[in-house]
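**Q** Mind having a look at this structure? Questions to follow.
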Amino acid sequence: MAASLRLFGAASGLRYWSWRLRPAAGSLAAVCSRSVASKTPVGFIGLGNMGNPMAKNLMKHGYPLIIYDVFPDACKEFQDAGEQVVSSPADVAEKADRIITMLPTSINAVEAYSGANGILKKVKKGSLLIDSSTIDPAVSKELAKEVEKMGAVFMDAPVSGGVGAARSGNLTFMVGGVEDEFAAAQELLGCMGSNVVYCGAVGTGQAAKICNNMLLAISMIGTAEAMNLGIRLGLDPKLLAKILNMSSGRCWSSDAYNPVPGVMDGVPSANNYQGGFGTTLMAKDLGLAQDSATSTKSPILLGSLAHQIYRMMCAKGYSKKDFSSVFQFLREEETF
């Protein structure tokens, strides 16, 4: 399996974060005022929209970082703040025995762990490797086997909450792995999240995340449809949102992340759907849900439809917009 994992990852080459959303620039020194305590360094790989604020929260809690990202510019603010930047995932593993990875896809994760310059090339025995990417549960299980052969520990710990929760340190982590190692993982994850939940064996964290994101996609499409219908019936969108949120239709997509521009401040719909959770990533997660449904023979009728809608959005220019742009897509798509 090791060979197949390496082959799977190598197909992407060094382009494996080329399409993901980039973090907004800002002064890291302004948000990091830690005193370097006796805490040992933590490796962090993947400084995208989510990884960037997650790493900053580790710094705020006093953890020195060993940083790697395929885009050197993503590392600059960390380097300017005194953190150590290295040239490959293998170099991170050489310098840190606790590593967190935050990557877009299964291919990216396999490359980071099992690639030519991956973590497993230089991992130390006894290291704790925590993958917070959202990937195929089967891939997490195979990575765990390869990590175990090296005498280290692998845990999957995907997150929920979005960029806002990543910035505020209020993410929810869904953790799969050996239960005896959960406390060690919780120490780090608690610096970045307000909820750290043990789900079971490796892969169960991914399973929980996939189910959550499938429901999120369905509810976002439903919210967008309801808001669009109400607007076309002559309702003021803010009034309609207020009514939904005090009624039985209320959901996270309507009251915390409303997809209609002008209804809420501080969400992607108020910023031309920039930032947040990309449509490409939602389509990817729905694909994982579809694969899992097929393998378990589980009917996901609405999940499958949501997958098709987000795939259509990617094909029609919405791939880099936040997934709540489904409202804009439905407004423009008259064939529905």
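Cβ atoms here come from the backbone N, Cα and C positions, even for glycine.
Checked TrEMBL, it gives:
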- Lys209: active site (ACT_SITE)
- 40-68, 103-104, Asn108, Thr134, Lys284: NAD(+) binding site (BINDING)
- 42-200: domain '6-phosphogluconate dehydrogenase NADP-binding' (DOMAIN)
- 203-329: domain '3-hydroxyisobutyrate dehydrogenase-like NAD-binding' (DOMAIN)
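Could you place these features in context, so I can see how deep they sit and what lies close by?
**A** Within 10 Å of the C-beta of Lys209 (active site) we count 28 further C-beta atoms, all protein chains included.
A simple way to gauge crowding: the CB of Met50 (NAD(+) binding site) has 29 other CB atoms within 10 angstroms, across all the protein chains here.
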**Q** Helix, strand, coil residue numbers for the domain '3-hydroxyisobutyrate dehydrogenase-like NAD-binding' (203-329) per DSSP?
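**A** Counts, helix then strand then coil: 86 helix, 2 strand, 39 coil.
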**Q** On average, what pLDDT score does this prediction assign to the domain '6-phosphogluconate dehydrogenase NADP-binding' (42-200)?
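**A** PLDDT averaged over the stretch: 96.
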